[in-house]
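All remarks here apply to the structure that follows.
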Amino acid sequence: AMAEGERAAEPLAEISHYVVARPIYSEAGFQEENERRPPLPPTLRERAQAACRCSRKRAFQITKSFLPILEWLPNYRVKEWLISDIISGVSTGLVATLQGLAYALLVAVPVGYGLYSAFFPILTYFFLGTSRHISVGPFPVVSLMVGSVVLSMAPDDNFLIDSSNATGANVTGTLIDTESRDAQRVLIASTLTFLVGILQVIFGVLQIGFIVRYLADPLIGGFTTAAAFQVFVSQLKIVLNVSTKNYNGVLSIIYTLIEIFENIGTTNIADLIAGLITIVICMVVKEINDRFKHKIPVPIPIEVIVTIVATGISYAADFEKKYNAGIVKSIPSGFLPPEPPDVSLFSQMIAASFSIGIVAYAIAVSVGKVYATKYDYAIDGNQEFIAFGISNIFSGAFSCFVATTALSRTAVQESTGGKTQVAGIISAGIVLIAIVALGKLLEPLQKSVLAAVVIANLKGMFMQVFDVPRLWRQNRVDAVIWVFTCVASIILGLDLGLLAGLLFGLLTVVLRVQFPSWGGFGNIPGTDIYKKVKDYKNVIEPEGVKILKFSSPIFYANIDGLKSSLKSTVGFDAVKVYNKRLKALRKIQKLIKKGKLKATKNGIISEPGVNNEAFETDEEPEDNHDLQVPTKEVEIQVDWNSELPVKVNIPKVPIHSLILDFGAVTFLDIVAVRSIKTIIREFERIDVRVYFTSYQDNLISQLERSAFFDDTVRKDIFFLTVHDAVLYIRNQMTYSENQDPIFEKISLMQESKQPIEFTETSRPDDELDVQEEVCTLELNVSITYIVLLASSLYL
């Protein structure tokens, strides 16, 4: 058994290791060996030819993309799908009828117009939509957004009339001309719907369906939860039958709540009881539908049942006359003739229409993608924009309000067996029957029952609150986005709240890019793996080498973060080191001129008897007096990490190489390119070579276009991996150690009467940034700091 176990483990041992033998690749060497072929972008003419090319196949594809019904209808399985679609369509149609009536209350228009909004949008989406399962029609969040625009543009105060002029009025004071008010509100809602449709079509034609990607799930969750709260408050006053003013804008929901509780003493008990009973029954039955959905073939249409029973009770008990209950009163039968929108109102609602169009589209596409993934087909985001845009333009002409999809209604359509939009068109047929024949039968229905149906359907959105603790554990930034968007939408209103949440979400992205993660990396011994030094005990930094990984695109906003991370990783500021070295050299030259030091081929030594005087303080003023003594120049080595004969605090530089791991850098802007080139020069002035590794190919192309490479910055400092660079550096260090010492190559220079000049150089825009240090001085010596010093007393 032991032998069998050992034999079984042998293949695993072979698989768990691998050995690779290849050259050390720099970018230049890799390109040369593998014959890099730079991508050639197509010319404008080639692009125009490709766009204008036409064939029968392409024409048919374009037609199918615009009319998706041509894609799925020819493949419709009549025997398998038709019965399921009929059952689903009838169930969804009953729910859509009741929700249409209820959601009309949110838009502040007569409830009959909710039936139109549940009917017309389906007709066009049937031909143009790419989702096979969503139920098109009103949605509470979008309806409330439309209603806020309607109430702001047509408040009750604009339609007050003297009661003495009202026919049959027995009271004095002012009354509201409800007929004129409702007509104006219907016109505003339909005009807004028309404008939203135009914007959606424009977005679709311009192929900017990607815009919905900026509405992240936490943002949508917080926004819809806040919208659910606003819907709840707006329906609460209908359940209580309490009259309040129509508030809009910042803190409107707070003002409405305050007024509801101030007037709660006028609550109509009949409406309250009917509403509470409806809410309890609907929520209990919905919970039963959800828990036993696998055992119940068709969900119980509780909204329909409750509405029919409530209508019958209200009619039999005559709640309106006995208890002054608020009822629907009148639902027009048949259809109204199409009317053009009031174009003069466009300027007042353009901002709101933009946010409504985006939210309506985002909700529809989000729900559609869930079912598209479940049933393995694709949703075309741009075509959805066009489909909903044309649907809203069409329905806006028939006095409808903005259409999207409702989560609960779509769930009914899918759970009852709906396979395609045939179920949707059948549901439209059920709504049509209600419009033509059943409208009068629903006139005794209490409005509080409809409001209760709306509230009962908000349960799913309120349950999103429980996502916050989960988000906090998984990603605290997403949790903060959720809470911020929710609070902002409640306080500022839905339109401004959505904008605030969107901007806040984008701000978190900018901040995460501006302050990315970074760290010093080291090597796992015996491997080519490099990990953070702080995270692993066995990680070892290569001797004399620092490795920095910067995990973000580099651009103008975070370039200071890159410089700061460099200082933290290497332990010193390259500019300060350079300036301190220059200061030390100037003091050494001054001491040599005074005779307190002399320079030899073995270094700098003090004159006997004056060695203590040679240590001048760092604050001693400069002495520009030229002694005019004959000098000879010698080439010497300055060891900057040893103690110098001047009191200048020069930071130690314990490294000779710096490796920047750019594996997570996706792009560089021109500021980053210039700054990186500056960083290279800053470090090379103090004998530290800079290398780049793990970069993406597009960065090399970008650097080439930005004129990054020249005689001093070449592609041979770019390596494919960190390990390539480390091995290259080791080879270079080994080669340098095998050479003759520099002191053996000292040569006397020609005599000169002038001391070595330290010239001050100006800094062009693309040169070094000395970072508020003293003015940068450059020695007329080698970049490797083999310094030429003047000796006034030598010989």
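Using N, Cα and C of the backbone, Cβ positions are placed for all residues, glycine too.
Positions annotated as domain 'STAS' by TrEMBL: 535-729. Residues or ranges marked as transmembrane segment by TrEMBL: 101-128, 187-212, 219-240, 260-284, 296-317, 345-364, 385-407, 422-442, 479-511.
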Task: Proximity of the transmembrane segment (345-364) to the transmembrane segment (422-442), 3+ C-beta pairs under 8 angstroms - done: no
Open item on the list: On average, what pLDDT score does this prediction assign to the domain 'STAS' (535-729)?
Closed with: 79
TODO: Please figure out which one of 101-128, 187-212, 219-240, 385-407, 422-442 racks up the most CB pairs under 8 Å against the transmembrane segment (479-511).
DONE: 219-240
Open item on the list: Which range wins on Cβ pairs under 8 Å with the transmembrane segment (101-128): 187-212, 219-240, 260-284, 422-442?
Closed with: 422-442
Open item on the list: As a test: from 219-240, 260-284, 385-407, pick the stretch that has the greatest number of Cβ pairs under 8 Å with the transmembrane segment (187-212).
Closed with: 385-407
TODO: Test the contact criterion for the transmembrane segment (260-284) and the transmembrane segment (219-240): 3 or more CB pairs under 8 Å, pairs 6 or more apart in sequence, then answer yes or no.
DONE: yes
